[in-house]
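Read the structure below first, then the notes.
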Amino acid sequence: MEEIQSQSDNYRSSSSSASSPASRVPSSNFFYLRKPGSLRQPISFEDSPEWEDTDIDVRVEEGGDSINIATTPASPSLSKLNSGSLPSPPLPEGAVVVRKIAGASVVWKDLTVTIKGKRKYSDKVIKSSNGYAFPGTMTVIMGPAKSGKSTLLRSLAGRLHHSAKMYGEVFINGAKSHMPYGSYGFVERETTLIGSLTVREFLYYSALLQLPGFFCQKRNIVEDAIHAMSLGDYANKLIGGHCYMKGLPRGERRRVSIARELVMRPHILFIDEPLYHLDSVSALLMMVTLKKLASMGCTLIFTIYQSSTEVFGLFDRICLLSNGNTLFFGETLACLQHFSNAGFPCPIMQSPSDHFLRAINTDFDRIIAMCKNWQDEHGDFSSVNMDTAVAIRTLEATYKSSADAAAVESMILRLTEKEGPLLKSKGKASSATRIAVLTWRSLLIMSREWKFYWLRLILCMLLTLCVGTVFSGLGHSLSSVVTRVAAIFVFISFTSLLSIAGVPALLKEIKIYASEESNQHSGAFVFLLGQLLSSIPFLFLISISSSLVFYFLIGLQDEFSLLMYFVLNFFMCLLVNEGLMLVVVSLWQDVFWSILTLVSIHVLMMLAAGYFRIRNALPGPMWMYPLSYVAFHTYSIQGLLENEYLGTSFAVGQVRTISGFQAIRSAYDISSDNNSKWENLLILFLMVVGYRILVFVLLHFRLGKDKSVHKFFQCNQDKKSTSTSTR
């Protein structure tokens, strides 16, 4: 205790000069907050006016979406400010106002989250946290890096990672029930947007994926979301830009990601770091927009690392975390009073969030060690001489014994003693609708992504022209057979290898799917079928254009049925290669490692395809089994050669002739059966299906654990609520 007292005295002395009357600046530089029922006026943190304390009694009426807000006397240690959550002017004691809302109350009690270590669940990320959130308010979870902010947010939304375990209780409208589809929205810190769509298009396709009903109704919902997030000036602009046009700034992109969740009109909105990578102006605009959204009745809960003074003034309640410990929960100015009571008053000229993080961020200890023997022109670094570990222990002990913690427990008890109306699911779009929407959206993206699609088509045409001109003028003599086999091998192998240029586009599609699937906007089967249907026109365009150029430059047989088989075979080859790329991209989810893996696989398949050495002569253990049977090059080249040479004959001298099968058998291993080329085409088709099934399994394996954990928590909460009601 002596150590704590000495550290507190040092810190108090270092901040006293900044807060002394002699050093005060005019009131225009003070922190701005609004008293209920009055205009915005400057308020000093240290000398805030003595407003009458009020507490909120929230009672949810059964059979309706209304909430009763009554004012009752509160403990004197509660906040000196209610930042807009109460009506204005203040109501007399006992008065009741009914307000229509779209939100829901959220309460968490004794919430503890552990992360799985090497042997057991030992590392506590969140330790016995208590709190609540009301409709029409903004509740912020603040703390330094790795303090447990995102973990607490995810535990409230039921989106913890499979390696985490949650203990404690979460109540929605006073009931231990999970939040059904459409009743809440969750915005990740890093959200993948589609840069080739406009803001209005992106939100409209998101509405089609999420909501049932008619298209005209969804347009009105999209316009409402655009208006709610103040995106009217950017509605018709491409998110990622085009050619020399810049895309949306970071702030507007962040608002687009939030607007996507507003399409469902959720009761509760969880946002992980809404100010992530935003400058001060964009951050203030974002928070004003969210404040306007909260005023419409939505319950907002989000995490934040640091904020400016103006942004801090918009918060209703704050949950302050450090190393998983709750150092404070309550209203914003009450947090300042809590720090002052603990011996760490906030200087007038310092931002509250800066002051909080300065006191509880252990990274500052390294700065103290660096600055220990330094001196600047004004003297030593007296403002950074506080031990953060001591400050954390002091703040935690002060909060646990304060009236603020008792008031939180009392409010939790009142919010959970009676169950309100359960949240209902708003319904989903049908699978057929989602497949159609994803297919059409992907086609639109392909038509605009010139770097990944149209440039790929141009490169394939250039490669085909190069190969065709190199092997042109072969004739139809027996001596041209070996050279024509080489031409077909080079054409199939190199065009397949060139298709790896589409890896960035596929990786973007996988990331978009992961983002949409996490919010149940899409599914693995719907995504794969939509991706397949949308890729068919583009791949068929590549196959027919390249095949026509190659077929006539090389001088293959001039017969329409043989030409159509060539196009169909090459088209199947491209589809198989697309499936292989999807498998590798789903595994790595990284451009560099995906391209490196695909190049290695293609080289191995080319070596085992039977051109450099006839398939029957390959070494058995590895090259023949399984590589030559796994390589799609083998079946594509074999089918094309059978299509070209079966049923033909070549003259040897003036009297003797040999069949096309005999002429080619020394250069490539093919079958003499006329139906063999169709069998090879069938094998390619089965490979197309097989690779898609493998991708389906990988996507389910990758995301299935998080789903199962989410359902496990929901089932546990349902069982507990059932047993409680039975008792």
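Cβ atoms here come from the backbone N, Cα and C positions, even for glycine.
As annotated by TrEMBL, region 'Disordered' applies to 1-26.
Annotation source TrEMBL lists domain 'ABC transporter' at 106-348.
Sequence-distant contacts of the transmembrane segment (453-474) (same chain, six or more residues past either end, CB-CB distance under 8 Å): 446-447, 480, 483-484, 486-487, 490-491, 494-495, 498-499, 501-502, 505, 538, 541-542, 545-546, 549-550, 553-555. Here TrEMBL flags 453-474 (among others) as transmembrane segment.
Look at TrEMBL and you will find 486-507 (among others) tagged as transmembrane segment.
Look at TrEMBL and you will find 527-554 (among others) tagged as transmembrane segment.
Taken from TrEMBL, the feature transmembrane segment applies to 566-585 (among others).
The transmembrane segment annotation in TrEMBL covers 591-611 (among others). Same-chain residues lying 6 or more positions outside the transmembrane segment (591-611) and placing a CB less than 8 Å from one of its CB atoms are 485-486, 489, 493, 496-497, 500, 503-504, 507, 580-581, 584-585, 618, 623-624, 627-628, 630-634, 637-638, 668-669.
Residues or ranges marked as transmembrane segment by TrEMBL: 681-701 (among others).
Stretch with the largest number of CB pairs closer than 8 A to the transmembrane segment (566-585), among 486-507, 527-554, 681-701: 681-701. Predicted-model confidence for the domain 'ABC transporter' (106-348) is 88, expressed as mean pLDDT.
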